[in-house]
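**Q** Below you will find the structure I want to go over with you.
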Amino acid sequence: MASRRNIPYSRLAVDEDDDYYGNAGRRADPRFDYSPKSLDRIPWKSIALALFLLFLGCLLLLLSYFILSGHMAGESSQGYGLLALGILTFLPADVMFLFQQMRSYNVGVDCFTCSFVLKACVDLRDVSCARIVHALIEKLGYQSNLVLVNALIHLYAICGVMGDAVLLFDKMPQRDVVSWNVMITQLAKEGDVDEAFELFGRMKERNLRSWTAMITGLVHCGKAKEAVRLFVEMEETGLKANEVTVVAVLAACADLGALELGRRIHEYSDESGFKRNVHVCNTLIDMYIKCGCLEAAKVVFEDLKDRTIVSWSAMIQGLAIHGQADEALELFNEMIRMGVKPNEVTFLGILHACSHMGMIKEGREFFASMSRDYNISPQIEHYGCMVDLLSRAGLLQDAYELITSMPIKPNAVIWGSFLGGCRIQKDVEMAEEAMRHLGVLDPLNDGYYIIMSNIYAEAKRWEDAARVRKLMKDRGVKKTPGLSTITIAQATHEFVAGDDNHPQADEIFKRWDKLLEQMKSKGYVPNTSLVVLDIEENEKERYLYRHSEKLALVFGLMNTKAGETIRIMKNLRVCEDCHAAFKDLLFSYNIAVNRSNEMTKVLKRSAASVGLRLPDAYRP
């Protein structure tokens with residue numbers, strides 16, 4: 001029977017210190033208004049819920065009494081046990097208790113009983129009880145019951161004993177599509193996407209859930225390109241995507257910058273009635289932001305009626321990374337006015353906005369308000385934003401003190417942010433301190449060595465720069481080649497630095513030389529200080545001219561019409577020289593170079609608007 005503390009109080013409740021039976025003035029109290037209008041104020045739903053829980057408790061007590069007292073036996077007792085287990089489906093702990101009592105009193109157990117208990121084991125993540133039920137299934141001869149065996153595989157997988165799940169799957173004499181789907185889903189969640197894909201290839205019958213599970217697994221494992229290919233293959237079979245499929249494919253489009261496919265999925269989503277699905281809309285916002293279409297993201301956000309904290313946080317972060325920090329702060333204030341409580345992700349966006357605009361005072365205030373006003377403990381990412389903010393503003397000592405006083409052990413990202421600030425401030429000594437920690441925390445990250453080498457080079461300390469390069473070689477650290485991708489007419493083209501393998505390579509180089517002459521006539525000067533190699537000045541210039549994003553840009557200019565948007569995705573930072581070169585291109589093109597989750601504000605000159613996604617280390 002439910003205790004009093006579990007029954008919600010209503011507005012008719014009497015205070016504990018009231019003299020309930022002796023208060024003569026009780027009927028004058030407005031809480032005890034018995035007029036007909038007062039009926040409208042009675043919380044009938046709360047009363048009905050309390051009565052239902054009371055009835056349920058009494059019914060279960062009665063059933064348990066009949067089952068366990070010996071008044072019922074055989075099939076009758078088993079039937080009442082099933083009824084009790086069914087009622088208790090949403091109370092897994094009570095299911096387990098009643099199941100144990102049924103076994104103690106030798107009450108018959110069948111496949112339906114086992115299914116109820118397995119469901120409770122899933123809710124409780126109780127693998128030990130699952131093994132008991134598994135043994136019982138074997139004993140009763142239910143090994144061929146696909147529902148039970150599939151439930152066992154699912155249970156073992158989510159409890160972290162994937163080996164048992166695989167063993168049971170391999171022993172199954174026959175499998176249905178659910179068996180395959182369960183294994184594919186759980187293997188993908190465990191990160192074993194290759195084995196999941198191997199199982200997917202062996203399936204003779206695939207349904208929508210099979211395709212969706214595999215696509216989702218590929219996206220989660222960072223294989224967005226493979227996920228998109230699989231989606232296209234699924235479409236060719238005639239299957240129509242559901243909301244879950246749409247969310248997975250949109251996430252892949254966001255990672256790839258595949259705007260055209262993302263727009264097509266958006267259109268399909270609206271036609272399929274998914275426009276009000278908040279998960280789909282949130283993913284659309286994220287996709288448009290990462291593809292550089294902030295206005296499209298705003299439209300989706302404004303049309304979304306049932307916004308969640310995910311919706312607000314995504315939009316705030318989008319505004320921040322697109323350089324619209326003021327709008328991000330305004331949206332945050334609007335969210336607070338509407339009574340929506342910010343979470344950790346929301347504050348990441350706000351702190352990023354403050355860092356982008358150099359708003360030190362505001363950033364410190366937001367950081368303090370997390371724990372003070374919202375009881376949110378800052379995580380390593382929030383400290384990273386603060387280190388980034390302070391170091392870029394020239395407050396390297398403050399940033400260093402924050403790092404050394406953190407309640408969380410600083411990781412490589414924290415020291416990497418500090419190293420980036422040291423480069424901006426040209427502080428070699430502080431940079432060496434950061435590099436000392438990075439050499440221990442992340443010794444194989446080529447980016448940190450390159451930044452440190454560049455810091456030495458800018459300080460004309462060539463021997464130290466060469467020493468860092470030698471250290472990279474000795475440790476087997478290889479520089480990640482810059483890779484830029486551009487999609488033209490639904491075909492994706494990839495460029496690496498100095499790439500001469502593209503079919504139009506000769507034409508691209510000639511076109512760049514012509515552009516270079518025009519840019520130099522307008523004041524563009526190559527920033528050869530970025531090249532730390534000990535080579536002649538003209539060789540340094542040639543080295544800069546062959547950066548992958550420049551090649552992708554020229555290819556885009558050659559294959560698009562005036563006024564069209566050129567979108568380039570890059571795996572590494574956009575260098576300062578490429579940023580300057582793109583700003584100096586005064587053509588009627590919209591140019592967006594995207595990298596990770598960073599983008600500068602749109603820079604408008606004459607008839608052109610050039611938007612670059614610039615990494616923090618190179619942000620003006």
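Just so it is clear, glycine is given a Cβ too, placed from its N, Cα and C backbone atoms.
Quantities reported herein were computed from a predicted structural model and do not represent experimental measurements.
So TrEMBL says this about it:
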DOMAIN    523-584  domain 'DYW'
REPEAT    176-210  repeat 'PPR'
REPEAT    277-307  repeat 'PPR'
REPEAT    308-342  repeat 'PPR'
TRANSMEM  47-68  transmembrane segment
TRANSMEM  80-99  transmembrane segment
TRANSMEM  146-169  transmembrane segment
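Mind mapping these onto the model and telling me what they sit next to?
**A** Averaged across the repeat 'PPR' (176-210), pLDDT for the predicted model comes to 88.
Only residues 6 or more beyond the boundaries of the repeat 'PPR' (277-307), in the same chain, are considered here, and those with a CB under 8 A from a CB of the stretch are 243, 246-247, 250-251, 253-255, 257-259, 262, 266, 269, 314-315, 317-319, 321-322, 324, 340, 567, 592, 594, 597, 599, 611, 613.
Counted with DSSP, the repeat 'PPR' (308-342) comes out as 26 helix, 0 strand, 9 coil.
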